[in-house]
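Chemist: Here it is, the structure, as structure tokens.
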């Protein structure tokens, strides 16, 4: 061995190769030393027959950059892979982490989401330490799914966005589960249009890039059915269901196939095909039972309860909804549980058990998950479970709960309480774009106001429900309907009323005022409606400030706010400009035109909306 030098450690005539990867020389040296010590090798035993002990000593001290050939020789002698020696990551670690993700998924399917979240968090931390991006992304995706189940929608969105950032350089199909998760989070928050935007954008990008991945497309089309149905886009929902059914034979994931059957059932309900819808749900339920996915199985019972409620079979509907509620409560899926309770309350009211329905609804709206509640001494565990319905969490069902309470109050003759609940529901549903629920609610509110003799306010309510139907190209005669969202159209001033009617109630908590302003009862000073998105309060304060600036009356305007948050700043500027410049008379009126009434079967809460009776106002 006298002809070998300590400088390169190879036999004569062999040059040192390229540097080994991105790992520093010191880290590789320490790793070689650790592995050699663990195996009880001397430096000579490790080096022979191709290298010298001096070379190994120099390498372990971090004073030489080893060649790829040298590292492959050392890895073979140490019994590890070349990748593990150069990066510190073992293929066995990747296998172990993937198995841990599978275990966490099983825990999420069969147990509580909080327990599964702890397992996913452990995998995420270890994958980050070892540098396994794919396994870390899978763990973050699982954490997002856990947060969806517990109702922590902001946390869920953060996890899904982290997955998208982590996989930014990967092909789009790899990011589709995270995009779908983010869309579902926005859907549960009541942001239906933005949810559709995310899903449609991903579908367009997949098709434009030629990445026709059946699994990814089925995931997206299945997720799009629910927001389409809630918005009244029935044709789009049916088309998405047809495409999903066509893709199903190309996908071998039974869980995704079951989810597809659940979505297709919604479109069948809308077409009045309740027997076929129930059969589709039975297929999904069978698959979920085989897979032991408890949350999705509960959703099947929930959906079957909805089918029976729409079909008028209230006894079976109550049984299915109670089963779903018990299953979700056992899983501590707080948001889903309270949503089921709203639909169960509707069935109880329709069965004549209004006291039971009211007792079920009031606690749901009373729960306010205040920030920091979990840190309060003495009640760290209960705060997490007290998830109620708010504008940012289950907004459609929050509106449905107020609608039911309004119906109950109306049935017992308490018109003031009924109007309060209807207005609260209207402020919630206008923000979501849930067309069927919004149209049905406007009918109920308009009927209530009409019976009280407040015809102008009733007409405002009816217009709110009907004003979303027309669009450019849909009318036979006359000019095109009003311009699209985010454009303020200034209307002519209204003359002051000849007589001052009794002042109606106003509800500051509802974000909506009908009739005269509570602080200005003079004839000719009337406050219309206002609504918004994330800038809800800001829009109201801006419009009120603009209204108070006129001497002879208030500004007349219609404002349409679309879902993108970036549009709000410009919209507010237009409201302010319309209110303070040149048009001091009339009524300031702010509306959102973002939805349209839908046929029977599209309402989230209650029986299908009845047709108009005798050409007049629809009966309820």
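From the backbone N, Cα and C atoms, a Cβ is placed for every residue, glycine too.
Any TrEMBL annotation is an automated prediction that lacks curation.
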Chemist: Look up coiled coil in TrEMBL and report which of 279-306, 307-334, 335-362, 363-390 it refers to.
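Modeler: Result: 307-334 is the stretch TrEMBL calls coiled coil.
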Chemist: Have a look at 569-594, 595-620 and point to the one annotated region 'Disordered' in TrEMBL.
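Modeler: Feature region 'Disordered' in TrEMBL: residues 595-620.
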Chemist: Of the residue ranges 1-25, 26-50, which one carries the region 'Disordered' annotation in TrEMBL?
Modeler: 1-25
Chemist: Using DSSP, what's the helix, strand and coil tally for the domain 'HTH cro/C1-type' (32-85)?
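Modeler: Counting residues by DSSP class gives 36 helix, 0 strand, 18 coil.
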